[in-house]
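Swiss-Prot annotations:
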type     : residues : note
ACT_SITE : His78    : active site
ACT_SITE : Asn150   : active site
BINDING  : Tyr358   : heme binding site
COMPBIAS : 386-400  : compositional bias 'Polar residues'
REGION   : 386-412  : region 'Disordered'
SIGNAL   : 1-26     : signal peptide
Amino acid sequence: MPLLNWSRHMVCLTAAGLITVPTVYATDTLTRDNGAVVGDNQNSQTAGAQGPVLLQDVQLLQKLQRFDRERIPERVVHARGTGVKGEFTASADISDLSKATVFKSGEKTPVFVRFSSVVHGNHSPETLRDPHGFATKFYTADGNWDLVGNNFPTFFIRDAIKFPDMVHAFKPDPRTNLDNDSRRFDFFSHVPEATRTLTLLYSNEGTPAGYRFMDGNGVHAYKLVNAKGEVHYVKFHWKSLQGIKNLDPKEVAQVQSKDYSHLTNDLVGAIKKGDFPKWDLYVQVLKPEELAKFDFDPLDATKIWPDVPEKKIGQMVLNKNVDNFFQETEQVAMAPANLVPGIEPSEDRLLQGRVFSYADTQMYRLGAIGLSLPVNQPKVAVNNGNQDGALNTGHTTSGVNYEPSRLEPRPADDKARYSELPLSGTTQQAKITREQNFKQAGDLFRSYSAKEKTDLVQRFGESLADTHTESKNIMLSVLYKEDRHYGTRVAEVAKGDLSKVKSLAASLKD
């Protein structure tokens, strides 16, 4: 018997109409995953009226199998999120800073934005106090660029080696699965650089009234590289055109009693009504030689850049809700590693770790082909030798899965090379030299109104109250070092030993 000509056989099958659903069934007829039409989806097959269910009931088995596998691993952080789509329009010529096409004046780039809470789980109330994620995927002409940030402009730590410990401290007690402030402050009493961001967290900025009403920040310093190879350090900031609105403690209680999803409901509802939220994108810019002029390290993620001018470079409008939450919001893979030529990571120690960690955790959640999912696919062609992986649905015809090759060249482009960084010295494991852990936190406290200070002091003090005595007094001494009124007032609420606090604060150096 001659071998079957598969290509010819497929054509014949197609022509005969044998691989499509027979026309005797309506196109909206219920089918199984193999395309076969279902005869009954309400009653299982049984052995008679009183007998057991039959193993041959493949519709029942498939429904249960698929149901048992609906969930993928929850994000370790940023689990609860809301995704929306929109467009970014560049408005300023910054070709002197970056060769990235996304910044070309007038360039319009589709975006996907995922807002989120950070610490709490996927089904937690959105009223819980938390930093809030503000991550934007730009589908640019140079490939996908992800600006993965938060509503706070600073972070709790400056070195990625502390990240797993910080998250563990924030998460519930592994013994009881209950929140435990004492564990958190046991950790943070060893991390004085955290207090500026802790101040933000316990202020009303930790409970925004809506995603539309909060700013976004890239948090880290990045490097922009122009066509000449010249490097500038920048920080990115989204400014809400809806204004900033937060909930005070009384409002939090009122909202939570009625709506566990107030952030999502507000955003989705506004877009559904045609009230499209907008944000302007700004950059702060420093030349490499300017990094040394500050009394703190500008590449420290726990710091803002005071007095460095901001330049508006574009505007984003969010105008479409997702079509399917799981396929888009849950499967979107945001990662600082997704960069394009003209945008590079700085030497920020936290960012360097996030470049690996975020891409790695997305691969763990979604598998090796996660970036091939529709929400993650770039708008430009992908051309490399990466192959296979579970659930690979691509159609690859090339026999060349390596590089270099004469059979099928995939040349690199020198214009996409990374910038060069002059280095000297030896390898080390040491703290940064310009920590300045206290000044910016004190400045932040003093910037708040009287009511904002009162709300902050009350929330921070209540959280500290049941903390182990030594950790409590250390935390209070840091607050006292930042601003004596701040430390004194929180100590009153937390019932700390003020004389001990003052003594500890006297030994601290900024």
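Positions of Cβ are set from backbone N, Cα and C atoms, glycine also.
What Swiss-Prot annotates, mapped onto the structure for a quick look.
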residue: His78; record: active site; DSSP (3 states): coil
residue: Asn150; record: active site; DSSP (3 states): strand
residue: Tyr358; record: heme binding site; DSSP (3 states): helix
Listed in sequence order, the residues of the same chain lying six or more positions from Asn150 (active site) whose CB sits under 8 Å from its CB are Val118, Pro131, His132, Gly133, Phe134, Gly216, Asn217, Val219
The residue listed as 'heme binding site' sits from His78 (active site) (Cα to Cα, rounded, in Å) at a distance of 11
Under 8 Å Cβ-Cβ from the region 'Disordered' (386-412), and at least six residues away from its ends along the same chain, one finds 367-369, 372
DSSP composition of the region 'Disordered' (386-412), residue counts helix/strand/coil, works out to 0 helix, 0 strand, 27 coil
Neighbouring CB atoms within 10 angstroms of the CB of His78 (active site), all protein chains considered, total 25
The number of other Cβ atoms within 10 Å of the Cβ of the residue listed as 'heme binding site', counted over all protein chains shown, is 21
